[in-house]
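These notes are about the structure you will find just below.
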Amino acid sequence: MPNMEPTTKEIKEQKIYQEMGLTDSEYELVCSILGREPNYTETGLFSVMWSEHCSYKNSKPVLRKFPTEGKQVLQGPGEGAGIVDIGDGLGVAFKVESHNHPSYVEPYQGAATGVGGIIRDVFSMGARPIAMLNSLRFGELDTPHSKYLVSEVVAGIAGYGNSIGIPTVGGEIQFDPCYTKNPLVNAMCVGLIEAKDIQKGQAKGIGNPVMYVGAKTGRDGIHGATFASVEFSEEGEQQRSAVQVGDPFMEKLLLEACLDVIRDHSDILVGIQDMGAAGLVSSSSEMASKAGAGLELIMDDVPQRELNMTPYEMLLSESQERMLLCVKKGHVDEIQALFDRYGLEAVVIGKVTDDKMYKIIHHGEVVANVPVDALAEDAPVYHKPSTEPARYQAFQEEQPFVPVMEDVVEVWKELLAQPTIASKRHIYEQYDYQVRTDTAVVPGSDAAIVRVRGTEKAIAMTTDCNSRYLYLDPEVGGAIAVAEAARNIVCSGGKPLAITDGLNFGNPEKPEIFWEIEKAADGISAACLELDTPVISGNVSLYNETDGTGIYPTPVIGMVGLVEDLAHITTQDFKNSGDVIFLIGETKAEYNGSELQKLQQGKISGRAPELDLTTEKKYQELLLTAIREGLVSSSHDLAEGGFGVALAEATFKAGLGADVEVPFALNQLFSESQSRFLVSVKPENEAVFAKIMEQEKVYRLGVVTADETIRVKYKEEEVTASTTDLRSIWEGAIPCLLK
């Protein structure tokens, strides 16, 4: 039986539009735009297209702060992914996307379809996906549910990425109690493209057919975008129908077929876009709106895998592995023949019109007819009230945290056992990071590196964000996230080019949360301007709260850099006994927001570590110069756990040791001061390296040793640790916690 849909009168009087996600004022605005009351289908279209997830209605004023232009930018925000120029007619397309709410409800499918969606965003631009990264947040690994979420999310990422044949080469994971009921799953995809092949998501040319390609439409994921735009509750776990189910093998076929169309039929392809959040309504209305055109869709022609689907369900379904193409009139047969070779369905479901209306026809009747710009462009924009949280001033005035360091080696071991610091090998070993055989630096170093076939170049890539610093001070923390990403790229031999941002925050209707969003954007913008890394794509995920408890502000920074010559590739691990160890940067007693403060105090508080962007940029440029001149054997940025953790990590891979004398007291061994790098150079390169760095705060600490022992001295203080012991703790912590 067909579903009986509510009448316009019932929608208004019973306020059914509220259940669908529209406020009273938004419903009134829709009525005024249409000059009448919307029917059920139209109400659904507006509710999903005006959700935060699709319209950015709460975050647009903040997003306008970001610098988005630069000579390296080929495509900025507004399309499926951003693209930067790497020379020789090549570009790199990349974007990060969140799938947080679905991953709490159905962690395997939530994570898997997050991967599938971001891959489609990248190949819809005309780029071949060459790598995946992720940024994950979970609660502490002390409850069965947290362990279950970690295992299932990682399995979902691996299941989809491994099956489709795209290597998962890097990422980051942090564990904090605020993520227990609000896990974050951010996936980033990087693709390679010839600049001449860049596509747009547009439907233009009056009478041109619009084609639906890929999997059939089912009832999965209806209102997924609205679901991602509201606060969570315990009952939210029941919303499994709003989570989509993915098929990576179908996506692999879709990827190859779409790239074939772009390569061989670019003369007849007008536009291409994936069906992601809000499914068919979002992709089709956006494509028409961007081109200043209208659209007429015949819902009877939409491939359906379930019986009696209504236009409402077909338009809002978020079934996976579907694309929308606009092609030139008279060429449908060629496109269908190509998709046919891949065993994929490709059908005409509508055409471009010149009236700027979005018209939906079903069984010969017009079931929706609304201005296309009203859906895709004209959602109301809210300037939310913003209030500094009381904690911020308290943190500014608080006395700095001083750690208890009676036994330095014991503290060292405890830190290396913390899951945020410990080796993530247990996680990344589940990912195929060598498929396609271009991965030059595998997971576990500062940045992942993928070779560009047919050239001497490589792409460095990383995801970063220490959300604890943002909790203390969102502006400083936002800048640190960008600076750390750039540090990771530089340490690997790359020049930072641009970022994609995954802005994960709590409920923006709370003024304190909106303040966090604004301040984080200010910090990110300042760092991007200083480091010349414009924001070229991104994603906003708000309402990451459950039962009123929100997450730390977590703007994940995905950064891509260019390694101009494969010879410049540098990793974090010491290479040779006898190499000279240097520390670049100043160490202060900065423990607020640190892993050690969390460990010893059970919570974080106080003033965030300082960041001087001018100094940061100078150190990065000098280090990159030294790397490009072939002077650097290893390079590692100092992050969580500070110098002590970075030094230990540098010894682990080759089973080496270190004998160093540091310029700071041993109680600062685990300080998290910013803008610091641990570097090793061959003795014959020491003089030239020192000359490059001579005006800066650079310290010659000592040498790499052949024995598996670390000796650290400061004046009369000395501490010795076995790297074998440290490594076994570091490697064993996560497998042990997940048991």
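Going from the start of the chain as shown, residues are counted 1 onward.
Heads up, the Cβ atoms here are built off N, Cα and C, so glycines get one too.
What Swiss-Prot says about this protein:
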| type | residues | note |
| --- | --- | --- |
| ACT_SITE | H53 | active site |
| ACT_SITE | H99 | active site, proton acceptor |
| BINDING | Y56, K95, D501, G538 | ATP binding site |
| BINDING | E97, N539 | Mg(2+) 1 binding site |
| BINDING | S98, H99, N100, H101, R120, Q244, E318, S319, Q320, S541 | substrate binding site |
| BINDING | D121, D274 | Mg(2+) 2 binding site |
Checklist outcome for this item: If you count the other CB atoms within 10 A of the CB of D501 (ATP binding site), including all protein chains displayed, you should get 30
Checklist outcome for this item: Quick note, N539 (Mg(2+) 1 binding site): same-chain residues at least 6 apart with CB under 8 Å of its CB -> K95, V96, E97, S98, N186, T500, D501, G502, L503
Checklist entry - For N100 (substrate binding site), what is the secondary structure by DSSP, using just helix, strand and coil? => result helix
Checklist outcome for this item: Under a three-state DSSP reduction, the secondary structure at K95 (ATP binding site) is strand
Checklist entry - Should any of the recorded positions Y56, H99, D274 have a Cα within 10 Å of the Cα of R120 (substrate binding site), which are they? => result D274
Checklist entry - Nearest to E318 (substrate binding site) by Cα, among H53, D274, G538 (recorded positions)? => result D274
Checklist entry - By a simple count of other Cβ atoms within 10 Å, which of S98, N100, Q320, the binding-site residues in the record, is least packed? => result N100
Checklist outcome for this item: Largest C-alpha distance in Å for the ATP site residues Y56, K95, D501, G538, as a whole number, is 17
Checklist entry - Should the residue listed as 'active site' be counted as helix, strand, or coil on the basis of DSSP? => result helix
Next on the checklist: Under 8 Å between C-beta atoms and at least six apart in sequence, can you list the same-chain neighbours of H99 (active site, proton acceptor), or say none if there are none?
Outcome noted: G110, A111, T113, G114, G117, V185, N186, A187
Checklist entry - Can you tell me how far the Cα of G538 (ATP binding site) sits from the Cα of Q320 (substrate binding site), in Å? => result 20
Next on the checklist: Rank aside, I only need the closest one: which of the recorded positions H53, Y56, D121 has its C-alpha nearest to that of N100 (substrate binding site)?
Outcome noted: H53
Item to check | Inter-residue C-alpha distance, D274 (Mg(2+) 2 binding site) and Q320 (substrate binding site) (nearest angstrom) | outcome: 9
Checklist outcome for this item: The correct three-state DSSP answer for D274 (Mg(2+) 2 binding site) is strand
Checklist outcome for this item: Among H53, Y56, Q320, i.e. the recorded positions, the one with its Cα nearest that of D121 (Mg(2+) 2 binding site) is Q320
